[in-house]
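What Swiss-Prot records for 1-27 is signal peptide, and it gives sequence analysis as the kind of evidence. The RNA binding site annotation in Swiss-Prot covers GLN36, HIS60, ASN98, VAL99, PHE108, ARG111, GLU112, LYS115, HIS116. The feature disulfide bond is assigned by Swiss-Prot to CYS42-CYS49, CYS75-CYS119, CYS183-CYS222, CYS199-CYS210, with similarity to another entry given as support. Per Swiss-Prot, the feature active site, proton donor maps to HIS60; the stated evidence is similarity to another entry. Swiss-Prot lists ASN87, ASN101, ASN144, ASN160, ASN175 with the feature N-linked glycosylation site. Annotation source Swiss-Prot lists active site at GLU112, citing sequence analysis. What Swiss-Prot records for HIS116 is active site, proton acceptor, and it gives similarity to another entry as the kind of evidence.
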Amino acid sequence: MGITGMTYMFTMVLSLIVLIFSASTVGFDYFQFTQQYQPAVCNSNPTPCNDPTDKLFTVHGLWPSNRNGPDPEKCKTTTMNSQKIGNMTAQLEIIWPNVLNRSDHVGFWEREWLKHGTCGYPTIKDDMHYLKTVIKMYITQKQNVSAILSKATIQPNGNNRSLVDIENAIRSGNNNTKPKFKCQKNTRTTTELVEVTLCSNRDLTKFINCPHGPPKGSRYFCPANVKY
């Protein structure tokens, strides 16, 4: 093989290595830890929920995200090995239920893993590490929005609440970093708080201010007062 051929071969091998590395490491800036208020999710959903709801914020998902540009999705085709969930199941069914269909909790976790969790490498190592990380954040690190609001004496009694009061309460349990809100109208006059997102750096080692939420005029924009 001549010098030209060797150069070509070296270039091809190097390109393959770069391609493999790129496929396993997807760019993202930070994580969104999004929790949804169960009654509001069911009220805003076109199809009624199959089962009664709890007045709790429970996990929607943990999502690698970008401040600018699209968020990564479905970075690998690696499906979740649900047989390994084992003794985590009981905790996950409480903190991360499929609110719309409680007979399909595992399917919900599998879809969240495939769409979002597969893009969290190297912070998220694999499917079981994804589930364990969510449990750690919600329970051990006390990133439970319902508990944070309750500590600030903001209870889910169905009244209109100042969004500023809700934000201040969450900041007090979140190192004074800005959360993100998602709301939705369930009647002409009533807008419910549907989701609260807490944001962390890409290593999940500290809270950061969330980038802006839904813009004014969006169907998910939160007004000054919301039902909770």
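Just so it is clear, glycine is given a Cβ too, placed from its N, Cα and C backbone atoms.
From a predicted model like this one, the values you see are computed outputs, not experimental measurements.
Here the features listed in Swiss-Prot are placed on the structure.
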residue: GLN36; record: RNA binding site; contacts (Cβ under 8 Å, 6+ apart): PHE57, THR58, VAL59, HIS60, VAL99, VAL194, GLU195
residue: CYS42; record: disulfide bond; contacts (Cβ under 8 Å, 6+ apart): PRO48, CYS49, THR53, VAL99, LEU100
residue: ASN101; record: N-linked glycosylation site; contacts (Cβ under 8 Å, 6+ apart): CYS49, ASN50, PHE108
residue: HIS116; record: RNA binding site; contacts (Cβ under 8 Å, 6+ apart): GLY61, LEU62, TRP63, PRO64, GLU73
residue: ASN175; record: N-linked glycosylation site; contacts (Cβ under 8 Å, 6+ apart): LYS206, PHE207
residue: CYS183; record: disulfide bond; contacts (Cβ under 8 Å, 6+ apart): THR191, GLU192, LEU193, VAL194, PRO214, TYR220, PHE221, CYS222, PRO223, VAL226
residue: CYS210; record: disulfide bond; contacts (Cβ under 8 Å, 6+ apart): GLN32, THR177, LYS178, PRO179, LYS180, THR197, LEU198, CYS199
Largest separation between Cα atoms (Å) of residues that the record links to RNA, namely GLN36, HIS60, ASN98, VAL99, PHE108, ARG111, GLU112, LYS115, HIS116: 19
Residue pair CYS119 (disulfide bond), ASN144 (N-linked glycosylation site) - Cα distance, angstrom, rounded: 23
Lowest local Cβ density among CYS75, CYS222, which the record lists as disulfide-bonded residues, within 10 Å: CYS75
CYS199 (disulfide bond), number of other Cβ atoms within 10 Å: 23
Number of Cβ atoms other than its own within 10 Å, given for PHE108 (RNA binding site): 20
Candidate nearest ASN87 (N-linked glycosylation site) in space, where candidates are the recorded positions CYS75, ASN98, ASN160 and distance is Cα-Cα: ASN98
